[in-house]
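Some notes on the structure that comes next.
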Amino acid sequence: MSPRPQGDYVWLDSGTGVPIGARVKESEKGKLQLVDDEGKVRLSAALRPMHPTSVEGVEDMIRLGDLTEAGLLRNLLVRHKEGSIYTYTGSILVAVNPYKVLPIYTAEQVHMYTDRRLGELPPHVFAIADSCFFNMRRSQKNQCCVISGESGAGKTESAKLMLQYLAAVSGQRSWIEQQILEANPILEAFGNAKTIRNDNSSRFGKYIDINFNTQGAIEGARIEQYLLEKSRVCRQAPEERNYHIFYYMLVGMTPQQKTKLSLGNASDYNYLTMGKCTTCEGRDDITEYTHFLSALKILMFSDSDSWEISRLLAAILHLGNVKFEGHADNLEGCDIIESTHFNMAAKLMEVRLMLVFSSVPFPSCCRPRSAQAIYGRLFIWVVDKINSAVFKPLPEDSEEVHQCIGLLDIFGFENFVKNSFEQLCINFANEQLQQFFVRHVFKLEQEEYSREGVVWTHIEYNDNQRTLDVLASKPLNILALIDEESSFPKGTDRTMMQKVNKQHGKGDIYMAPKNDHEKQFGIRHFAGVVFYDSQGFLEKNRDALSADVIELVETSTNQLLKQAFKTDLHGTLKPRLGPDGKKRSPTLIGQFRKSLEALMKALAACQPYFIRCIKPNDLKQPEFFDRDLCMRQLRYSGMMETIKIRKAGFPIRYSFQEFLERFRVLLNTESTDKCCETICKTFLSGEGHWRRGRSKIFLKDFHDTMLELERMKKLNEKALVIQRVLRGLKYRKQFLRKKAAALMIQKHWRGHQGRKIYRVIGLTRLQARVRSRQMQHKYQKKREAATVLQARVRGINARKEWRRQKAAVVLLQAYTRGALARRAVRKMKTDVRWSRRRLLLKPFMFHEVDPAPDLEQRRMVPETVDLDELPMEEQELSSDEEDDLDEYSFSKFASMSFQGAATATHVRHRLAQPLIHHEDEGDVQASLTVWWIILRFMGDLPEPKQRVNPLAPGGAGSRGANALPQDLASRNDRSVALSNEMMAVDSTSLERPMTALEKLHIIVGYAIVRRDLRDEIYCQICKQLEGNNNKNSYYRGWILLSLCLGIFPPTEKFIKYLQSFIRSGPGGYGPYCVERLKRTASNGVRGEPPSWLELQATKTKKRMTVTLTLMDGRTISVPVDSASTSGEICQMLSQKVQLKDSFGFSVYVALYEKVWALGSGREHVMDAISQCEQEVRRKGGQEQHAPWRLYFRKEVFAPWHNCKDDAVSTELIYRQVIRGLKFGEYQCRKEDDYVELTTKHLYIQHGRAGAAEQVKAAVQDAISSSLLEAKPEDKWIQMVNTAHTQVGLRSTRHWTVTRLTHSGPALAKSRFIVAINWTGITFLDERERRLVELSYPEVTGVNTVRDPKSSAQSVCLLTLRGDFTLSGAMTEDLAALVLVFLAGLRERSQYGVALKDASSPDDATLLSFKKGELLELLKDKEFSLERGWLKARNDRTGKSGAVPAEALLILPTLSKPTNQVMVPHLYLSYQNHLPTANTITITEPPLQPTKDVNRQVMSKNAGPERLWVHSREPLRLPLLRRLANNADHSTKACLAFTYILPYMGDYPTKQSQSSLELTDQIFGAATQNEALRDEIYCQIMKQMTSNNNRFSLEQGWQLLWLCCGLFPPGPQLSKHAQRFLESRERQPLAADCLKRLQSSRRTDPRKLPPHQVEVEAIQQNSIQIFHKIHFPNDTEDVMEVATSTRVRDLVQSISEKLGLISADGFSVFVKTPDTVLSLNEADYFFDSLRQITDWSKNAKLGGPVSVSYMVFFMRKLWYNVIPGRDLEADLIFHYPQELPKYMRGYHVVTKEEMVHIGALLFRIKTGGDSKQLAVLPKLLKEILPADQIKAFSENEWKKVPPLSVCLSMTSEEAMLEFLKAVYRWQTFGAAFFDVKQTSDRTFPDIVRIAISKTGVAIIHPKTKEVLATHAFNRIASWCSGSTYFHMTLGSLVQGSKFLCETSLGYKMDDLIGSYVNMYLREQKAGQRQQRFNM
């Protein structure tokens, strides 16, 4: 053997079979001196070298080079000495109990191990906990952790650490987490005790199932307890104690409490002194009792519950001290010796003593059984109570599934000197857990390798299945035999042993006793052989209470005792059948096996993790490692085999799909072929073997860690790419914005520079101008002198020539004058003869007709102005004219559109061809004729010399043979006549002198009848104005152009050129013509040429004024122009006389005795006046003398007119009726009717008293002349006092029309009169005989048709009898009046007819009816036509209900339809006539045969119902097929649609629901369940498709707007939803919906339905949402808050708006009537707002639906706050927030500081007014802290020096000085809370908590002394409940706890969390900056 160098490590034979490690100390002469691991010096030559991994130890024992038992043992030893108590075996953690507290369980350790993969950091129990948590969230599979080991190995502590870590990483710091953690102190108090092996040994097993939600937050837990060691209550082994709770109670209770319970010290009670040990070193029972009481409060145990528990525990102690006296005659019975203990026990259990004594003879064994039973039932009750607090089961209808992590902390394997029934059960449970471990680690793993085809060498392992078979699996197993024997009343332990020996005595697992007298038997367990003493097995197994004990409990009045024994009293435990067939109580083994089976099933359903706890020694000594003990534990735990299989095996397995989904990001290519292998080969090459199975990838632990690290690295790289792109986009936007700003600055700077240079250049130019003017002046002087000289010379020459010519002219004149004189004489003779003839013909030529007396009025006739008399004035247009007309010059149009060589300038000759090309030859000839007349009108051509008799046929006075008839024709007839006249005009008839008005009529007449000639006329006029130097011609041309602009507009092609041309008009004609063109374009082309009145007004450019007569005799003048319509005049008159109800009032025109109506529509008033002038001219008069008159009166009456609505309208109608009666317009059938009306007129005028003169005047007012002639006036006066009847007046409007189509019934004539009033439409012939009568219910539609060429209109009436297409003048007014009556009657109608069948037997809200039935409409506020629903009653059935609007045709009638009208076949045919909506619109189709558009609509909708279009029926199945298979999803989807219907008004509801309630139901499920979101989108879009209801569509857009802001659609629906919005871009909300949709794709979805503010905003059609924000200084502001605004965004926006330097430390708070809460900065603002208001609403049962709240913006975190650095923040926030704290006396203030601050506050309160010093005593409460008011007297305050100094400050300066003074204190910026603490007895009960940037301080509220200060890094955990706040200070293992009672715990929780997060962010930012700098 080669010598070993000194310091080498070798293996040395220890003599125990396991080599021990040793180090070479000396090596001389072949002898080695060694020091082994135990420190012993040895000499040995049998050495074996040690692998380097065994020298220093490894973290994972799989990596050991010496893979032997010695290597495992030494690795644990080395790490144990180093303080590393945790070691991995793959994913299995081996934990060695250190028996001391290690500093490895701090909050820093928790953060360090959070979200780290197993193996990244040194082994730790936190790593196992994090792996459980990580895998649960990643794989969505439940996890469990099995913690096993011997008693004292540290299982309980490991379970507690796991639980504390999970609560920490949950990140919620919720009260439920703290409740789960605080369950441990209670369970340990009741279930743990000191044993010889463990000071805190768990004497029961527990399984904690921790429930998590989908976000990874703890939501609850459930605790299962197993096999409490109840015998410990009555018996303890030496050096052991009873359960902790008894000792806690005796040392922790106050003397008063102990006195009430008659308790003393622990040494006074038998049950506590059997082990001769009442104390436990290292445990402070007083502190533990305090923690116990705190835990009870946290877990909602009331004070009464706590006291009742103490009473029962005290009763058990007293019961243990009760003494018995035996009977001589009855050895099994005994008597109770009365004592204080007995009496007290009975009192505490609330049982009567006599009942106890009556139960004698009392068995002596009943006392321990009773005590054990009470304690055992109490323990179960406590566990149930804990579960009721921490376990929150999911609702039955909830689809959410809790994920869970189970922690099993069960009793370890036990092998004592004497082992009893309890040890057998405990070891049986450990056998089950060992088998679970073996099965999972060895069996299942190797089976899966074989199944997947992975090459594998089978590893042998120690399987304990045979032991389980003997104990519990085989028939007649040991436990079954014990259970069976317990069922026999006479069964004993001996008979049981006989059966067991007989059945199992021959096996090697069971070791039978040597003889029948021995009671011990052995079992070969996986951890070794254990011998059990069978004595008492059956009795313990039966676990039965005697009937006497049950009777005692039943008679007890102690409620807690009864609750604990509830199952025994009520027999709720399921009995079992005994061998004799009788029912027996359940045995302990039976119950234990049942619960153990449930446990194993739960574990099997989870992915397990294992923690093997190793006990290093039995002495509970730190730093002492017992090799033999540890080796034994390693062997029976199978650790060697585990290491082998973990080393060779592959514990991490992924299916190919899971692997791809998880690590797809690692692929660099798009191909997915063999992607799993590609990933592994790429990233795991050289890292050991991995395997590919048939369906899975097999990896080792470190493989998974490497892949996870690579995945995180790749994701970080991708995130960086995304961040880079987004930051690039952000900075590009900033750059572009800055660039635009720079360009703007450059532009203005250059402009400034240019102007500056221009000013310099301007001076130079000015000088040049002056010099040029001087030179020009000199030149002009010289030129004038030369001109004078030339003139003189030319004058001389001209005079000479003139004298020569004058002589010749005089000679010619003499001869010419003679000839002219002779001709004049002859003419004078002829004139005399004609004058004589005219005197004879005059009576026949002129017929003067006096107007009717009631129509007489005086009119102002404008003065006649000659066209050549007005001067021309040049006037420039204002600079406000549009600049875009500059490019539309007339010369440009002429160059583009004029024919031939025609130019745009003035000429004086006739044209050879028109200026513009015309297709029609008639238009060509007319153009040339118009050009000739225009030249004559402007004076560019002279008038013809031919004289034509004006009254002769063809003359201008009669318009030849085509003159109008004698009576006034309709407008259409006159247009036809005018057209015919223009067609008949030839050059011959125009070859005569004409007046200007006649020429104007010809020019305009052609434009009226020939539409294509209008641009030609305008071009001709403009051409003659362009370059016209003749002043008179130029002026006449502008007059002509102005008149034409008032009659007809140009086409769209020429209008801009004309507008550009008329801007330059002279003498104000520019704006005048512009205004006339606008008016004409707005009101349409005229039907008549201009009147004489218009011609005169155009010459002066003055507005015309016409006078109208009202029926009450008033005359009102109104201004008019050429385009004024009757509707405009009616509107002006209504405003002047304050007429509100103007319906039916019209303008009337009267000429001679003829009166006709112009209506109140688009009829031109000047057309009527021109018509009257032409009629006068035709009769030989002059136009200016035409006696036309205008009236304003009621034309059309409606049946719904209410006289009370408008007094002015009533008065006018009344006067009109009286006037109509007087002149015979209104006639009555009987004289009595006249008498009655005259009587009413008399009463109205004079009341009840009527004198004879008044009666006579009334008769003269109301009785027509013809009636007065028929009957004397006296008779009428006599009759006026009696009749009492009512007369109905009808006002009818008439139109003369021509029928164009013949689809309806045949009529006798095609030309007839249409009479329309509110009763219907009547066709009359010229004799007013009725041809057809149509009631309004028969009218189904009204269409207007316009001729695009002539602008003539016709109307098509669609009726049930056929279609009537009518042509005539103003037919659009006819259609408008019909529509008015239809709409008015429908609006007021109460009757409708069903258009289809409807049957709804299941819904009483809906009405059932059949097609064609009459329905009576009922008024109901909940139903309206705009919402698409009406309430009606079926006339046939009498039932009422809701009716959809599209299923009902509202009949336009006010009375119930008669049977004749309600012919079934008529209304059945409505299906082919009417649209679904009850609206009739005016359409303007092209001039073609009219088709019923409504029929086409119905034909399109006649197909079967489509699922994707609007519907009023609820859904039975969801729209999306993928939801139909899920019953819960399907139900919720259909339910959401039932709320969409009423929101959109598509379905009626019995009870009114607010919009917020409906949106909650619509979006609530979708916000919580992603699967429903696409369904909601589809449902809303479905209801918006083919929806003809405007209100419903608007409501649908509101829902879609809300939906787009809440969450985006899924990937499959996203593009369709986007296309849906893009295709409806004209909708007002479409663009914003698309914007919100794109925004929601980039952000997280909202968590809650819309807030009320959002709903109200969109209902007001506002896409901007504003919210009021309040500030601490009592100011407020309104901020815009979007749906996707997070709280941090709002904080930043407010800070920027206020101009704060930084937004750090500020937060948004919500104040409700109950509380004030801070909003989480990461949450959406409206989600947080909704959550708080809902929470406040739910806190009050039956409270208001809406909760009032206010939003505040305040400083929350007071770090980096230095007064004066940010003045705005100091004044708005810091001062108003700090002042109340100072005034409440929270700070420690010296007298000098108080004086100084008081002076500052006095300055702020009084505003610096020194006069307020007099009232200083009254202000002391406002300037001094509450506890310091009496510190100074009033006189002392007046002498304070700082007071006068502070008065000179401003208020802002005083506030800043106040902050500077407060800033010096440590409590500056702290938040104070007065709480009641129960954790530390050295503190007062009421303490003040101050939370600031330095940490949490505990202050004495009276002395203000700081009792304790805890920095934030010392606070391990904290949480708050409804009335409690809890903190854990220090480490998680032995940290101190602080519990206080307060209702403001949530504020303290939030504040501490905010400070901690702030410091963590700063720490991480510093680390990132440090790495960046490196």
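Including glycine, each Cβ sits where the backbone N, Cα and C put it.
Those TrEMBL annotations? Automatic predictions, nothing curated.
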Which range of 343-365, 596-618 is region 'Actin-binding', per TrEMBL: 596-618
Same-chain residues at least 6 apart in sequence whose Cβ lies under 8 Å from G154 (ATP binding site): A95, N97, C613, K615
8 Å Cβ shell about G149, E150, S151, G152, A153, G154, K155, T156 centroid, ATP site members excluded: N97, N198, S201, G412, C613, K615
Cβ-Cβ neighbours of G149 (ATP binding site) (radius 10 Å): 23
Long-range Cβ environment of E150 (ATP binding site), under 8 Å and at least 6 residues apart: R197, G412, F413, E414, C613, K615, Q633
Helix-strand-coil residue split for the domain 'SH3' (1387-1453), DSSP-based: 5 helix, 26 strand, 36 coil
Neighbour tally for K155 (ATP binding site), based on other Cβ positions within 10 Å of its Cβ: 29
Other CB atoms, at most 10 A from the CB of A153 (ATP binding site): 25
Sequence-distant neighbours of S151 (ATP binding site) in its chain (C-beta under 8 A, six or more apart): T195, R197, N198, S201, F411, G412, F413, E414, K615
Same chain, 6+ residues apart, C-beta under 8 Å of the C-beta of T156 (ATP binding site), given in sequence order: E188, N192, N200, S202, D409
Helix, strand and coil totals (DSSP H, G, I; E, B; other) for the domain 'MyTH4' (1510-1659): 100 helix, 0 strand, 50 coil
For the region 'Actin-binding' (596-618), the number of residues DSSP places in helix, strand and coil: 9 helix, 8 strand, 6 coil
CB within-chain contacts under 8 A for G152 (ATP binding site), separation at least 6: N97, T195, R197, N198, S201, G412, K615, D618, K620
